[in-house]
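**Student:** Before I ask anything, let me first share the structure, which is written out below as structure tokens.
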Amino acid sequence: MESTFSSPAEAALQREAGVPGLFTPPEDLDRVYELERVTKFVCDLGCQRVALQFPDQLLGDAGAVAVRLEEVTGSKMFILGDTAYGSCCVDVLGAEQAGAEALVHFGPACLSPPASLLPITFVLGQRSVALELCAKAFEARNPDPTAPVVLLSEPACAHALEALATLLRPKYQDLLISSPALPLPVGSPSSQPEPLERFGRRFPLSPGRCLEEYGAFYVGGSQASSDPVLDPDLSRLLLGWTPGRPFISCCPDTGQTQDQGVQAGRLRARRLYLIERARDAHVVGLLAGTLGVAQHREALAHLRKLTEAAGKRSYVLALGRPTPAKLANFPEMDIFVLLACPLGALAPQPSGGFFRPILTPCELEAACNPAWPPPGLAPHLTHYAELLPGSPFYVPLPPPESELWDTPDVSLISGDLRPPPSWKSSSDTGCSALTPRPQLELAESSPAASFLSSRSWQGLEPRLGQTPVKEAVQGRRGIAIAYEDEGSG
């Protein structure tokens, strides 16, 4: 039975991976998993212990890949197949517990910078792409040969973008090819200008050009599941792409295309709704998601400062993977904010849903920072690192005397007038002394006390002075599942 506070330990062992036996033919292992490149990575580092991280859908090949690498490199391989939170993030903690000197991540990845300096390489996979069908679909959707278009893809199809561009370049002059933002080798030459990095991808823009000028042609997904809600990577692109610019998705197997403009509008509309919910909230639960991504401590401190500045109370909850059963134990929270990688924060919610909405840090920033967005720029960000100092999108909080804090606002959900937030120091107790009448009567206003008084059950009744005083006696011994006086029956 699932615990309401933590996932059972047996869940990882009893979960069906869905891929029995060998998934890839032995003769294709070298090509699919890029074993030659992985071998060079291990040999160049001289590692003796290497961790291999596989998602559930690739566990059928994990044993064969590990054996092949051990034979070629002579190093000891450890398979990490029980990632507790999200397989798209690098499991640095698991690799360190195994004593690994390097880590190889297989499968889809968010490509977020890890929190550790452990050497890491990524194998995104190589999904087959029908280049001729995709090229014809591109020409049908882009009749203007001078229109600026950027080629995007899911990580497993990135290997085919250059070949697709070769088929299109004789006709289209303004093509931009994106590539996964993989970690660059140490000491690699940097003679060319550094490309723009966004959405886990690199965009080699020409001088004077910006990404907002381009439309998008995305190769990925499938005909059966074209809903971007089911694909966090596509949702990230749709949220962040410039509104009004075309965004076309293409199935790599059939070449069937779909205009994602309507889906992008739905995602942005939901984000605006969540921002309104955050503005109405008084108590915020900060969910500490994956701890293997860089700057998660700085982001957590930033979110706490943000909620304090907006006059809201925040509580940090470390619950692992969020589930409706876990979060239902905290009815005091008005909203939850998930601090995770972009793919983890935009992952689809389980069936049944949560009783309180789960937001991303970017939505909380838009709700609590009155200076957001910066003038002339309204990006739909998806990664919390873009909110921190050093990012081009960082917007500092206005000073306490700024008029931005005194601007009245009306809730678009309830229709009530929201009072202007007040800047509260960390030493504030959360209660305000009010003197509404000259009788000098003292009244305390506390959000926590107001919520407690509205609950149907407020805890055990103290009954002070109503029960006799007794000497303390020994109570029951054992644990809740089996006390000593209950026997084994």
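Cβ coordinates are placed from backbone N, Cα and C, and glycine is handled just like the others.
Small disclaimer: the values here were computed from a predicted structure and weren't measured.
So Swiss-Prot lists the following for this protein:
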| type | residues | note |
| --- | --- | --- |
| MOD_RES | M1 | N-acetylmethionine |
| MOD_RES | S7 | phosphoserine |
| BINDING | C89, C110, C341 | [4Fe-4S] cluster binding site |
| REGION | 398-489 | region 'Required for function' |
| MOD_RES | T435 | phosphothreonine |
| MOD_RES | S446 | phosphoserine |
| MOD_RES | S456 | phosphoserine |
| MOD_RES | T467 | phosphothreonine |
| MOD_RES | S488 | phosphoserine |
**Student:** At a 10 Å cut-off from the C-beta of C89 ([4Fe-4S] cluster binding site), count the other C-beta atoms across all protein chains.
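**Tutor:** By my count, 25.
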**Student:** Work out the three-state DSSP category of S456 (phosphoserine).
**Tutor:** coil
**Student:** Take the mean position of the Cβ atoms of C89, C110, C341, the recorded [4Fe-4S] cluster site. Which other residues of that chain put their Cβ within 8 Å of it?
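**Tutor:** The surrounding set, listed in chain order, is G86, C88, V90, A109, L111, S112, T290, G292, V293, A340, P342, L343, G344.
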**Student:** State the mean pLDDT for the region 'Required for function' (398-489).
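**Tutor:** Over the region 'Required for function' (398-489), the predicted model scores a mean pLDDT of 71.
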**Student:** Using CB atoms and a 10 A radius, I'd like the single residue among the binding-site residues C110, C341 with the highest neighbour count.
**Tutor:** C341
**Student:** Let me know the DSSP-derived helix, strand or coil state of T467 (phosphothreonine), please.
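**Tutor:** Coil, per DSSP.
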**Student:** Report, in whole Å, the straight Cα-to-Cα distance of S456 (phosphoserine) from C110 ([4Fe-4S] cluster binding site).
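**Tutor:** Roughly 44 Å, rounded to the nearest whole number.
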**Student:** Using a 10 Å cut-off, grab the number of neighbouring Cβ atoms around the Cβ of T467 (phosphothreonine), all chains included.
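**Tutor:** If we count other Cβ atoms within 10 Å of T467 (phosphothreonine), we arrive at 8.
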**Student:** For C341 ([4Fe-4S] cluster binding site) and T467 (phosphothreonine), what Cα-Cα distance in Å is obtained after rounding to a whole number?
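**Tutor:** With distance taken Cα to Cα, T467 (phosphothreonine) is 54 Å from C341 ([4Fe-4S] cluster binding site).
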**Student:** Can you give me the Cα-Cα distance between T467 (phosphothreonine) and C89 ([4Fe-4S] cluster binding site) in Å, rounded to a whole number?
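**Tutor:** Computed Cα spacing between T467 (phosphothreonine) and C89 ([4Fe-4S] cluster binding site) is 56 Å.
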**Student:** Roughly how many Å lie between the Cα atoms of S456 (phosphoserine) and C89 ([4Fe-4S] cluster binding site), rounded to a whole value?
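**Tutor:** Per the Cα atoms, S456 (phosphoserine) and C89 ([4Fe-4S] cluster binding site) stand 41 Å apart.
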**Student:** With every protein chain in view, what's the tally of Cβ atoms within 10 Å of the Cβ of S456 (phosphoserine), excluding that atom itself?
**Tutor:** 4
**Student:** Which of the three DSSP-derived classes (helix, strand, coil) applies to C89 ([4Fe-4S] cluster binding site)?
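**Tutor:** For C89 ([4Fe-4S] cluster binding site) - judged by DSSP and reduced to three states - the answer is coil.
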